Amino acid sequence: MSRPPLDFGLYLVTDSVQAGGWQNVAGIVEQAIAGGVTVVQVRDKHADDATFTQLLLSVAEVARPHGVDVVVNDRVHIAARFGFDVHIGQDDMPLHQARELLGPSPRIGLSVGSEAELDAVLDTTIRPDVLGLGPVFATSTKLDAGASLGITGLQKLARRAAQNSLASVAIGGITSSNINAVRQTTVDGVCVVSAIMSAENPRLAALTLSAHPPQVTSHTPSSFAPSPKEK
Ligand SMILES: Cc1ncc(COP(=O)(O)OP(=O)(O)O)c(N)n1
Ligand SMILES: Cc1nc(C(=O)O)sc1CCOP(=O)(O)O
Ligand SMILES: [Mg+2]
């Protein structure tokens, strides 16, 4: 099944705790999209399914009008119910089972943190649509993240992914201070959580991290234009 390629350029993964509560997440996402975020994954490790669904739909409401893809973290059954894309890790539902539940259209992202995990992906006939490669650097957002890959480890995985026609994104400890080195690897995009979710100004944070910051024109809606202080 061919799914249209996505612009993974600046991929935001949400965190309701860093947002100060799940009700604040959609507002932060809206600002981050104005700053250049191209994909949003809704991740909340604490919410029950009903609350997660409310959160997901609130994010979709602000993302979809801008053509920004919305991805569900972990909860394949919720993604399947509403037809969203999904991201799963090595300890989540197996890829073949997720594909069976989702049907052919939604994209599936899969975490890969080592050469052995990439070997396993390349050995199977059912392929994910994108790999989440990480953690690149140490992170306090995900306490059970594995050993850091560093730029060299990331580049080895990203190169092999590309050689096998697999899209990849980098994740873990990425900030405005190290993002240039990450963008010099073969990854198709860069994921951040705290660099945007914990920022005082999520729009400015996204602008700083974006590979292609949005151009402000006379047609830019006023809610997306910079405030006089930022000009
Ligand atoms: C794009 C992307 N890459 C990796 C992850 C991590 O997924 P996982 O290993 O399942 O860990 P949790 O996010 O579920 O804690 C991700 N979420 N997104
Ligand atoms: C959700 C997640 N997955 C990771 C992985 O390595 O698979 S690291 C991570 C958290 C990244 O948060 P921050 O941008 O704040 O460091
Ligand atoms: Mg997971």
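In case you wondered, yes, glycine gets a Cβ from its N, Cα and C as well.
Neighbour density for Asn73 (4-amino-2-methyl-5-(diphosphooxymethyl)pyrimidine binding site): within 10 A of its CB lie 21 other CB atoms from the protein chains shown. TrEMBL lists Gln41, Val42, Arg43, Asp44, Lys45, Asn73, Ser111, Lys142 with the feature 4-amino-2-methyl-5-(diphosphooxymethyl)pyrimidine binding site.
TrEMBL lists Asp74, Asp92 with the feature Mg(2+) binding site. For Asp74 (Mg(2+) binding site), applying a Cβ distance below 8 Å and a minimum sequence separation of six or more within one chain yields Arg43, Val86, His87, Ile88, Gly89, Asp92.
Per TrEMBL, compositional bias 'Polar residues' is recorded for 215-225.
As annotated by TrEMBL, domain 'Thiamine phosphate synthase/TenI' applies to 10-196.
According to TrEMBL, the region 'Disordered' annotation covers 211-231.
Under a cutoff of 8 A between CB atoms, and with a sequence separation of 6+ in the same chain, the neighbours of Lys142 (4-amino-2-methyl-5-(diphosphooxymethyl)pyrimidine binding site) are Pro135, Gly172, Val193. Under DSSP, Ser111 (4-amino-2-methyl-5-(diphosphooxymethyl)pyrimidine binding site) is assigned to a strand (E or B) in the three-state scheme. Remark: Gln41 (4-amino-2-methyl-5-(diphosphooxymethyl)pyrimidine binding site) has Tyr11, Leu12, Val13, Thr14, Val70, Val71, Val72, Asn73, His87, Gly109, Cys191 as non-local neighbours, by Cβ distance under 8 Å and separation of at least 6 in sequence.
There are 17 other CB atoms within 10 A of the CB of Asp92 (Mg(2+) binding site), with all protein chains counted. Not one of the binding-site residues Gln41, Asp44, Asn73, Asp74, Asp92 places a Cβ under 6 Å from an atom of ligand 2. Taken residue by residue with DSSP, Asp74 (Mg(2+) binding site) is part of neither helix nor strand, so it is coil.
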